[in-house]
Every structure is written in C-alpha cells, then in structure tokens.
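Copied over from TrEMBL:
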DOMAIN    1-193  domain 'G-protein coupled receptors family 1 profile'
TRANSMEM  21-43  transmembrane segment
TRANSMEM  72-96  transmembrane segment
TRANSMEM  131-156  transmembrane segment
TRANSMEM  176-196  transmembrane segment
C-alpha cells in the first residue's frame, strides 16, 4: 500500500513520507494485531497438575467458548489473510498499470504518436511485473496452507459435515507443515526483500548506463508504423 500511495497518488506531494508509512501500518496493526490479540488474552489460562513422578507440569490452554471460536477464526482469516491479499493485489496491479500508462504518455508526448499495441516496452516494466509475481507467490504459498488447515475444522463444525478431519493422520501431518510455512515466511521476509531490492538497484543502474534502450524501441516502432504519424 505504501508503494501505491507514494508512486500512484499525490500523497507524496501533500504529506510527508512518514505519514504514508504510518497510516497503513497503524490500520494494519489495529485490525490485524491488537484486536485479534484480545481474545487469546481473555480466554487463555494456565493449568498445573502433577504427573506420575510427582513433577509439576504447567499447561497453557485456549478455552474459547464453542460458539465464539468460529467467529474468531473467520475474523482472523479476513483481516489476516483475505483482506491483506486483496489490498496487495489491487495496489500492485494499479502500480503496474500506472507505470505502463506513464510509459505510454511519455511515448506519445516525445514522438507525437499514438502508441501501437506491438510496441516493445522497456525492460523495467517486465522486471517490475516479475518482482510482483514473486512477492505474491511467496506470500500465498506460505500462508494459504496455514489458513486452509485452520478453517477446515471450522467449516466441518459449522455445517455439521460427516467428517472427522482432526483425527486423521494426513490432516495432522499437513497441519504441522502448514504451521511451519508462516514461520519460514516471517524468517525469510528480510532475506527475500533484500535480494529483491538488490535486483531492482542493479537493474536501475543498468538502465542509467543504457539510456538508449527505450529510444531504440521507439525508433523501431516509428520505422514499422509510419502511418501512425499525425
């Protein structure tokens, strides 16, 4: 969202960069962190008991009311996965469209032409699209299985389906691996974005050294589309 606000809107001219970061971050923290953290604090309690060796064991258990847990699961799914994924998809799609539109406007302004469909777009547009696809696939792969195994028991309970998924071995094994994926996502985010930013910087440096790349594509288009001249 920050990239969308900075690149595609006039926020960067009206307010500070810190505000464009603080506003989306505050909204996300309130609805995706603070509010979902309240029920576990309220309904989590500790229990102590002694085992056969007379050792004291303390257990921390979630004791959600039976009618409350489906609501909590759906809320966390919506604000923790579905809505962020939707917002991210809309913002990145708008970002790509904005870059393509700016490229078309520069083309038409510089050469006084209507840009034909077969025109070769600059390399940075394809690099931007590839980077966005990598981000989307990485996040979806890490979080979609986790929410699948969270919501399946809720749907079975809500609609009273004749399945006992919690007791099956495949579900337990899949649930174990699905809970590991978000940890991999959280641990690998900074590494993933570090490599991604390095790739973008290298491409921008390459672009500055090869400013003729876009002009050559324009010349190629003018040569093969002379009837487009106004």
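All residue numbers here begin at 1 and follow the chain in the order shown.
Heads up, the Cβ atoms here are built off N, Cα and C, so glycines get one too.
All TrEMBL annotations are machine predictions without curation.
The structure displayed is predicted, hence computed values, not measured ones.
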Ask   = Excluding the flanking five residues on each side, which residues at least 6 beyond the ends of the transmembrane segment (131-156) place their CB within less than 8 Å of a CB in that stretch?
value = 69-70, 73-74, 76-77, 80-81, 85, 88-89, 92, 95-96, 163, 165-166, 171, 174-175, 177-179, 181-182, 184-185, 192, 196, 199-200
Request  = State the mean pLDDT for the domain 'G-protein coupled receptors family 1 profile' (1-193).
outcome  = 78
